[in-house]
Amino acid sequence: MNKIIIATKNAGKLKEFKAFFEQYDMTAYGLDELDKQFDDVEETGTTFEENAALKAETIAGFLQVPVLADDSGLEIDALEGRPGVYSARYAGEAKSDQANMDKVLEELQGVPAAERTARFVCVLAVSQPGKETFYARGHVEGVITEVPQGEHGFGYDPVFQPEGYEKTMAQLEPAEKNQISHRKQAMVHLEKWLNEQAK
Ligand SMILES: O=c1[nH]c(=O)c2ncn([C@@H]3O[C@H](COP(=O)(O)OP(=O)(O)OP(=O)(O)O)[C@@H](O)[C@H]3O)c2[nH]1
Ligand SMILES: [Mg+2]
């Protein structure tokens, strides 16, 4: 069975990648599953592309094998696109999902439903030794709810209601989220590229 290394320490993302790659008979491994332990790659970029490349290229450079990285986040229109690339640490370095959601809900207090539009964005970067980095971008539109609902997923899923649904991302079954998510949309582009590489 083929293996793919994902340059992530986020357990929620990794779970979704494991499910995606299983469909291609591939096993995805996160950084916490490798023998060698890596320090966090500093996400100094100002775009999802820059940060995804930083993570993929740093780890591929060390391991000398192809590595996939994901940089993702939530863009809220009423907050001029925040938290954006700072989604993981919006409420501080502790990277607390609960504190991040609380902060967003507080900032949106009094903002009417029609103005609570937002999107999840995901950029995947694949770095291969000696080759140019490949990028795939995906997004899903939705609105930020008034209160968190649901137990599945991670991050801001309990306050994000995707367009066309009456449920939050966290109320959808994981398989359902994986059919519509920003990560899935980016994976569709990645899959096309992989198929072209195999020709
Ligand atoms: O509700 C959510 N559902 C999702 O599907 C999702 N995808 C991303 N996010 C948020 O955006 C941050 C990414 O930041 P990020 O790309 O730097 O990842 P991270 O720091 O958590 O892990 P790593 O991959 O860098 O190791 C995450 O922490 C989350 O807060 C999501 N929230
Ligand atoms: Mg990160």
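The first residue you see is number 1, and the count goes up from there.
Placement of Cβ uses the backbone N, Cα and C atoms for every residue, glycine included.
Features as listed in TrEMBL:
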type	residues	note
ACT_SITE	ASP71	active site, proton acceptor
BINDING	THR8, LYS9, ASN10, ALA11, GLY12, LYS13, SER72, PHE154, GLY155, TYR156, ASP157, LYS177, HIS182, ARG183	substrate binding site
BINDING	GLU42, ASP71	Mg(2+) binding site
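Positions of TrEMBL features highlighted on the structure.
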residue: THR8; record: substrate binding site; Cβ contacts under 8 Å, 6 or more apart: LEU14, PHE17, GLY30, LEU31, LYS55, ALA69, ASP70
residue: ASN10; record: substrate binding site; Cβ contacts under 8 Å, 6 or more apart: GLY30, ASP70, ALA88, PHE154
residue: GLY12; record: substrate binding site; Cβ contacts under 8 Å, 6 or more apart: GLY153, PHE154, GLY155
residue: GLU42; record: Mg(2+) binding site; Cβ contacts under 8 Å, 6 or more apart: LEU54
residue: ASP71; record: active site, proton acceptor; Cβ contacts under 8 Å, 6 or more apart: GLU43, GLY45, PHE48, GLU49, ASN51, ALA52, LYS55, VAL85, CYS122, VAL123, ALA125
residue: SER72; record: substrate binding site; Cβ contacts under 8 Å, 6 or more apart: LYS13, PHE48, SER87, PHE120, VAL121, CYS122, VAL123, HIS182, ARG183
residue: ASP157; record: substrate binding site; Cβ contacts under 8 Å, 6 or more apart: GLY150, THR168, MET169, ALA170, LYS177
Problem set entry | Site diameter for substrate, Å, by largest Cα distance between THR8, LYS9, ASN10, ALA11, GLY12, LYS13, SER72, PHE154, GLY155, TYR156, ASP157, LYS177, HIS182, ARG183 | 20
Seminar exercise, completed: What DSSP gives for SER72 (substrate binding site), in three states, is strand
Exercise. Where does ASP157 (substrate binding site) sit in DSSP terms: helix, strand, or coil?
Worked result: helix
Problem set entry | Cβ-Cβ neighbours of GLY155 (substrate binding site) (radius 10 Å) | 22
